[in-house]
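Undergrad: What follows is a structure written as C-alpha cells; I'll ask about it next.
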C-alpha cells in the first residue's frame, strides 16, 4: 500500500511479520495464561490438592487454541503437545507461577509495568495464532471463507472457548460461563482478527499480509494496554456492537411473547374477572338471608 511507503513503516511491517515468537513471546504467553488460571476462584486450592489437575488446566490455557483447531481440522488433538521444547517451557512457567519459593515470580509479574509488557507480548502472539489458523484452513479448504474464520478464531481464542472443559478438570461446572453465551473481550477481538485475515487471504480485502499484521497487532496491543491502565472493560467497538444488537436482534415489544396479543379479543374472557369481583361484592356468602326476613323471624321467636 502506498500509505505504508509514505509513512515509512513498510520495513517495520516486514520486520514484524518475520519476528520469531520463540522463546520470549511464547514465554510471556505462558506466564500470563497461567496467571489467569491462578486468579480463578479455587485454583490455588486445586494446586495443593492435585498438582496434576492444575498442570493439565494450565496446559489447556496455554495450548487450548491449538488443541481446538486441531480437532476442527480432524487432526490429532495431542499434536500441539508434540513440541517437547514448548511443552517443557510452559510446564516450567506453570511451576514458577504456582510453586516458586516466596511466590517471587507471581509477585514480580503482578507489578503493573511488568504485567503490561508481558500482556502486550501475549497479544502479539495472538496475531500469529489467528493467522496460523486461517492459513492452515486455507491450505486444506481453498477459499473456504467460513471455515478459515472458524479455525482462526478457534486457534486464537481456544483457551476461552473450551473454558467449560477446563473447569471440569478442576471440578467446577458453570455452563452459564460459556463463551458463546457471553463473549469476553479476547474472544470478540480474536473473531474480528480472524474475519479480517480470512477476507485478506481470500482476496476480498486489498491489503498485503504483513501490513494487516502490523495494523491488527498495533490495535490489539494498544487497546489492551489502555484497558489495563484505565481499568476499563470497554473497547472501541462496544458502542457499534450495542447499536447493531438493538437494531437486528432485539424483538419489538408488540411481538414479544410476553405480551399476549389475543388478550382482550374475547369479551367473555376479559369480563370474567370483573364480573367475578362484582358477584363477590353482591353475594358475600351463600348462607346469608335477607335482613327483613331475619327480623321477622326474630320477632316470631
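In case you wondered, yes, glycine gets a Cβ from its N, Cα and C as well.
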Undergrad: Check each of the ranges 218-259, 260-301 against TrEMBL and return the one annotated as region 'Disordered'.
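TA: Result: 260-301 is the stretch TrEMBL calls region 'Disordered'.
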Undergrad: Can you tell me which of 12-32, 52-72, 92-118, 145-165 gets the most C-beta pairs within less than 8 Å of the transmembrane segment (204-222)?
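TA: It is 12-32 that shares the most Cβ pairs under 8 Å with the transmembrane segment (204-222).
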Undergrad: Thinking of Cβ pairs under 8 Å, which stretch from 12-32, 92-118, 145-165 has the most of them with the transmembrane segment (52-72)?
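TA: Highest pair count goes to 145-165.
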